[in-house]
């Protein structure tokens with residue numbers, strides 16, 4: 001039987017079935033014949049073609065296709081690779097499983113730990129509809145009708161939001177503006193330290209909570225205004241008045257049901273200039289949010305124009321303001337506000353104003369006196385002089401500003417000298433606390449402000465490669481200023497004769513009877529009316545809620561302290577005081593290698609010296 005198929009090369013392909021049955025036999029016969037016929041020696045490769053499977057010799061080479069290598073080398077290479085892979089895997093296994101000693105970061109310093117807490121005080125002081133993650137469990141929405149009643153200017157839609165001033169629920173816009181300016185200044189100088197502490201987004205959110213509210217206190221879309229809200233709520237109880245208000249009543253802000261009048265002003269240069277400073281400084285903080293920053297600058301410009309055109313003290317026509325936050329002058333706010341307006345806009349007209357000798361004279365820059373160098377919510381001169389000394393140290397604008405800037409720089413040096421214990425400008429308690437308010441109550445708010453000025457000025461000098469400054473013929477290094485700031489803040493943190501921390505929640509021994517309505521009344525679903533809360537005011541039991549981070553008013557001139565709720569001169573905290581505390585803490589926190597941000601504050605400032613014109617074209621005959 002035979003089969004035919006198509007030969008791929010053409011022609012028939014014949015396969016004999018009978019022949020195929022003997023193929024193996026024929027193949028074996030051919031092999032025998034070939035071996036017998038071969039008489040000459042063959043090389044190994046040729047032999048491998050002929051040797052049967054059982055008769056092949058063990059190869060000495062390995063054919064890898066493109067190269068032929070020695071079998072011994074091949075085996076050694078593959079073995080070495082396999083062993084290396086095994087060894088690497090074994091070492092990796094050991095490294096992964098054996099416990100390692102991590103290089104731990106050093107624990108946060110006390111200033112950083114206190115900073116976390118000091119910022120939380122602002123969360124507890126928020127008014128209005130609170131954000132979801134406010135992190136103060138005993139606080140809730142409050143005073144949602146502020147500014148919506150009768151008698152409020154049409155330009156003001158509502159005054160919901162902002163911060164309560166202290167242990168009450170009044171919103172005093174004058175010290176509140178100063179607090180926001182201080183927070184913004186500290187962020188502009190020390191954003192890297194805030195970031196390292198994990199608090200940068202937190203403090204910026206606190207600033208925005210304040211500036212959003214300030215933009216409601218006047219017609220912020222207008223270029224000129226005639227009215228500014230100065231205060232929400234009242235606290236005057238003189239003459240035995242029993243009318244329910246924010247001081248007569250002792251209630252949680254969430255439960256307030258009495259009227260909260262709005263106080264407006266029409267000639268309030270100090271308030272308007274301070275609020276302009278707050279918005280201007282915040283515009284630098286939010287410079288990356290161009291739309292919001294521009295909105296803040298516009299509002300600040302409108303306010304500063306109002307301050308200049310409608311001269312007057314905000315507290316002159318308000319019995320409330322004159323009792324609680326009396327402003328002694330508006331000239332210092334003109335210098336301070338003018339400096340911030342210049343930094344926010346780069347408009348040299350503001351710098352000309354801030355450095356006008358007549359303005360400085362009215363502000364008391366050349367007077368001296370017992371309170372010279374005391375930086376507070378009322379008098380910003382010392383802060384303004386530090387702020388303008390910064391301009392001279394880093395940009396040196398020259399004529400026509402140099403003479404007055406040199407004066408401000410010299411006056412700042414004198415103020416720094418007055419803070420040192422070797423001079424007798426200010427007394428100190430036996431425990432070492434500087435008496436900037438000359439033994440009067442509530443000293444700590446002034447102490448923290450001076451500590452911040454000393455720390456930031458020493459950082460300015462360091463950044464300008466200036467090792468120190470002169471007090472008369474004596475030279476002092478910048479370390480002396482930082483030591484002053486540290487000793488004062490350490491006193492507040494507990495290094496004092498009573499071993500008491502004056503920041504609530506910091507350390508083991510701190511005030512437990514803080515003068516604060518919200519902290520002293522339990523959140524127990526019971527609404528205590530105006531007089532119903534008096535029992536919580538008068539009880540000797542500790543506050544049921546911890547007002548974390550609140551810096552109380554402080555000890556007396558003998559280092560004595562009475563932890564009594566009804567004595568606000570010892571136990572009441574304030575926004576302005578805590579803002580200075582935050583600024584001082586961040587300035588001292590972290591590693592000294594993280595210094596100030598030299599340039600951000602100058603973001604809007606144009607080059608001091610304009611670009612020279614191009615040279616004339618070459619002359620052609």
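Note that Cβ sites are derived from N, Cα and C of the backbone, with glycine treated the same way.
Between the listed ranges 27-49, 50-72, 73-95, TrEMBL ties the annotation transmembrane segment to 73-95. Around the Cβ of residue 515 (active site), a 10 Å sphere holds 26 further Cβ atoms from the protein chains shown.
Rounded to a whole number, the distance between the Cα atoms of residue 572 (active site) and residue 563 (active site) is 10 Å. Cβ neighbour counts within 10 Å, taken over all protein chains shown, single out 572 as the most crowded of the active-site residues 563, 572. Confidence in the domain 'Glycoside hydrolase family 9' (111-585), given as mean pLDDT, stands at 97.
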